[in-house]
């Protein structure tokens with residue numbers, strides 16, 4: 001539990017630091033304008049420097065994540081399965097850029113600066129650490145199992161949406177061209193739907209019932225197509241969703257039932273003596289045998305005595 005709480009704490013601190021690094025209060029713009037040697041022309045160069053305190057905090061978090069990752073690698077019984085695990089890959093990818101950035105920060109070559117610029121761009125990988133919370137929260141694990149079990153339903157939903165987007169984007173393009181001016185053959189001044197690919201965005205937004213309002217039909221025929229698109233989107237989404245909800249309810253019930261089960265320690269159960277073992281019929285002197293067990297034991301004792309007599313041995 002201590003390791004779980006410590007890991008959760010550092011994950012939250014790392015994500016908070018990642019978000020604060022983009023705030024202007026923690027970024028300083030440094031003017032690195034340099035003058036060209038062969039002339040009077042100046043080249044304007046600016047660089048954003050992040051507050052060092054956030055870098056130190058991120059360094060502490062990365063040290064903890066590195067320690068946790070190495071411990072899990074060392075004590076993993078199956079190294080191949082450990083490497084194939086998606087969460088472990090995310091851990092490694094989120095840790096590696098920090099060390100590369102620290103190692104290349106002292107270099108002044110152009111190649112090193114280009115690599116540093118690329119590493120700063122891929123900092124978004126650090127946000128993937130949020131998926132590590134699935135190890136500590138049952139709800140996130142239930143969500144992962146639900147998504148994995150509902151793959152066919154999601155594919156069906158995507159196919160339905162793709163068909164609807166293609167159909168209604170085509171319909172809205174031709175519907176909005178109705179009433180265009182003769183001197184505007186492309187209808188660029190008459191409507192925002194200048195081509196079918198632009199209509200894809202409008203169809204996706206409309207079928208998912210978001211409705212940003214950045215694109216909208218302006219003719220009566222376009223409004224009719226928009227209404228049909230909205231209704232079709234509601235029906236399309238409503239069909240596969242109940243199956244996904246049922247899968248989530250099933251996995252959630254199983255997870256809650258598993259948590260309520262009493263945790264019993266594994267007790268060592270000695271193996272039962274074999275029939276050919278000399279101790280098969282030995283019983284404790286302080287315990288009384290029932291009639292069935294007594295008959296069996298007497299029968300075994302008589303057979304053992306007969307065997308000893310025939311072999312010339314004297315029983316102890």
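Even glycines carry a Cβ here, placed using N, Cα and C.
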When TrEMBL marks a stretch as transmembrane segment, which of 196-213, 268-285, 286-303 is it?
196-213
Range annotated as transmembrane segment in TrEMBL, from 30-52, 53-75:
53-75
In the same chain, which residue numbers or ranges, 6 or more beyond the ends of the transmembrane segment (154-175), come under 8 angstroms Cβ to Cβ?
147, 193, 195-197, 199-200, 202-204, 206-208, 217, 219, 221-222, 224-226, 228-229, 232-233, 236-237, 239-241, 244
